[in-house]
């Protein structure tokens, strides 16, 4: 069991400092105007916009003696990377850096590593060492030591690196992902892992990642098992998307990915624009906002998956933001965001944390399926 901690996201920190809209514009990522296909989002790309809002982090260690890192456990990518002691970027100065010379179990591999993000590429070199995740020690795990990180994007991020939990086909440089090594080294009882994310922002337990099984006390009812349609992301078929009980999008079915590395729910910009207007969200400072007082009259949004309805009420699909907690000023932003993922990977809807908070998610590599059930609050 890996305890996930919840931190203020980069989006919130930027908003607090009044720098959010400047960041959007600087990276051409304004949620409202940003509608062209970003040529960067090809097969191997990670839209960095996902990490802006990441709030759920866990701890791992690399090497012997262990060097600790805070990482995002990301089902939308497949590589593990952390900053290297040789990193020259400003972003690395603020984060824990891996020192190969301090680890007796480290082995140099030396393959160059590069992963393309929406705002620039992260480059480094591949090394190999033991990686410990809550008592499970994976030996000979290849990972990337980043020596250059893009722009200001990672500067304020509260995580050091990313641990990818998607399929091997997404892994840059053909590196075997951490969970594949866990399975190969018989470290897990069952070839699956599951994710619980708390809905309570004040709770000390932000959530939990369980390797090797699932925890029935975290959900109600039974798991609905949904086949993975393509083994890269954790990709599944959506039957349709309803707003207020009427089918509005994805009328003939569409593809979606269950992604712990995306905070919001994203879809094609054209659909999301329509969705924002049907829930009454208005563009404000590069985001979409709704009147908090309207939550009780806003429509439900339902994702039909494998024949079953997964319904999000307005409380679930909006995020309340306190502008000045002292004077009780708050506003509510939409948990939906437009993101065009170009073919061949896209178009895709991304069911991120806004969805996973409501529905406990089991990622079953043994049977290539995702299990979903209503999460216990």
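Easy rule for this one: first residue shown is 1, then count along the chain.
Cβ coordinates come from backbone N, Cα and C, glycine included.
Database features (TrEMBL):
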- 56-373: domain 'Peptidase A1' (DOMAIN)
- 74: active site (ACT_SITE)
- 87-92: disulfide bond (DISULFID)
- 250-254: disulfide bond (DISULFID)
- 259: active site (ACT_SITE)
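Overlay of TrEMBL feature records on the structure.
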residue	record	Cβ contacts under 8 Å, 6 or more apart
74	active site	162, 163, 164, 165, 166, 259, 260, 261
87	disulfide bond	97, 124, 145, 146, 147, 148, 149
92	disulfide bond	83, 84, 146, 149
250	disulfide bond	238, 239, 240, 241, 271, 349
254	disulfide bond	237, 238, 347, 349
Per-residue pLDDT averaged over the domain 'Peptidase A1' (56-373) comes to what?
91
Using a 10 Å radius on the Cβ of residue 259 (active site), the other Cβ atoms enclosed count 28
